[in-house]
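According to Swiss-Prot, the features are:
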type     : residues                                                             : note
BINDING  : 12-18, 40-42, R305, 331-333, 413-415                                 : GTP binding site
BINDING  : D13, E14, G15, K16, N38, A39, G40, H41, T129, R143, Q224, T239, R303 : IMP binding site
BINDING  : D13, G40                                                             : Mg(2+) binding site
ACT_SITE : D13                                                                  : active site, proton acceptor
ACT_SITE : H41                                                                  : active site, proton donor
BINDING  : T299, V300, S301, N302, R303, K304, R305                             : substrate binding site
Amino acid sequence: MVNIVVVGLQWGDEGKGKVVDWLSTNADAVVRFQGGNNAGHTIVINDKVYKLNLLPSSVLQNNKLSIIGNGVVLDPYALVSEIDNLKSSGINITTQNLAISESCPLVLSVHKQADILFEQLRQDTIGTTNKGIGPCYADKISRRAIRVCDLLDTKDLLYSKVNHLLIYHNLLRKSLNTPPIKAEDIVNELLNIAPKILPFVQPVWKTIYNLTQQNKTIIFEGAQGTFLDIDHGTYPFVTSSNTIASQAWVGCGINPSNKSYILGLVKAYTTRVGNGPFFTEQNNDIGKIMFKTGKELGTVSNRKRRCGWFDAVLARQAIMLSGVSGLVMTKLDVLDQFSEIKICVKYKYGDKTYDYLPASPHIQSNLEPIYEILPGWQTSTFGSVSYKDLPQNAILYIKKIEEILKVPIHLISTGPERNSMIILNNDFLQ
């Protein structure tokens, strides 16, 4: 089995957790390479629901190494809580099946408070999860972040680093008439949590290098989706990390000569959590049906996901950005009720049409979708595992999307359970 990079091609919530869990059955290791606990993956096994935020989806499999790469910003308390929750469900997390990069920046309480303060200052709120992700990445770029490796320092050295961090944050807080944070409080938080984190810490880049030298199979698990990418997304309504496939190499330290198969995920329709442009959004009964049938609530925020028709313009651009070779379509069954189904094939702005997403926020806010309309099938596909047994109009829809995107669909998910999967082509697994 080749190494596989799994990325979302929309605004996240494409079902990456389920697919990575399914793929990891035949893999040796799974790596998270960006984001933090602002991303959520939901996996259903034998009717039991597991919700993961920081841990790779492979933790639910036996004898798999789960790796948190340097591109992840790590909330140590959230991680320990997640580990404890899994242990209470009978999933044992040990130093044999979890590795954490020593270079991960740590999300601290000061970052979560800064997140809330910044959001209050904005004229147009982004819709952040208030998990402190953006401020932590900002500290990383500004070279003042506290990293996992700093937990190995003496108390005095750690205090010095925290004090340096708080020079910036307390200046910000002072300008907003907010009380300062004491370095002692942050240091004590870190010293309390360090013993629970440090046993898992190692030079992850070296661990991954050794795995590649042994021809082990690695899956790189993306979080969020292409159009939340800090550079390529619907800026400023984006996350604070790069979410496209190339981040997999940077976010864990694997060198680019290790070629991987890029597997892109799309829902059969489109959803988005939080604010920002959404070109095919359905603020009507159609959107309500998608929301209810798809159970579209954010795993982390529990916010309602906005719902709309499949946007082939976005998907096609995401395929180009990540070099996607094959697709997984999820939640096909959510479309079962509709008599007709629309696919956005272009955008219109004034008298101009676009076959890509312009970068300008002003233009984005005024784009109108141009649709191609297909007949619905109004027959249940829920839980289907056979392509030939799908309704003909469902097959027509699948083939139309392949035709527009010029990339084959390998897998189709028809329900939340691990094995609710139609396999069209598994050659990419060889």
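Each Cβ is built from the backbone N, Cα and C atoms, and glycine gets one as well.
Locations of recorded Swiss-Prot features on the structure.
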residue	record	Cβ neighbours (10 Å)
G12	GTP binding site	28
D13	IMP binding site	28
K18	GTP binding site	25
N38	IMP binding site	29
H41	active site, proton donor	25
T129	IMP binding site	22
N302	substrate binding site	9
R303	IMP binding site	13
K304	substrate binding site	12
T414	GTP binding site	25
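Ranked by Cβ neighbours within 10 A across all protein chains shown, the binding-site residues T42, Q224 are led by Q224. The recorded positions close to G15 (GTP binding site), defined as a CA atom within 10 A of its CA, are H41 out of H41, T129, N302, K304, R305.
Each residue contributes its Cα atom, and for the residue listed as 'active site, proton donor' and D13 (IMP binding site) those atoms are 8 Å apart. Within 10 Å of the Cβ of G15 (GTP binding site) there are 21 other Cβ atoms, across all protein chains. Between the candidate binding-site residues, G40, L332, the densest Cβ environment within 10 Å is the one around L332.
Checking the binding-site residues (G12, K18, T42, K304, L332) against Q224 (IMP binding site) with a 10 Å Cα-Cα cut-off leaves G12.
Cα of T42 (GTP binding site) to Cα of N302 (substrate binding site): a distance of 12 Å. Between the C-alpha atoms of T414 (GTP binding site) and T129 (IMP binding site), the distance comes to 29 Å. Note: the Cα of L332 (GTP binding site) and the Cα of D13 (IMP binding site) are spaced 14 Å from each other. Taken residue by residue with DSSP, H41 (active site, proton donor) is part of a strand.
The 10 Å shell around the Cβ of R305 (substrate binding site) contains 22 further Cβ atoms across the protein chains shown.
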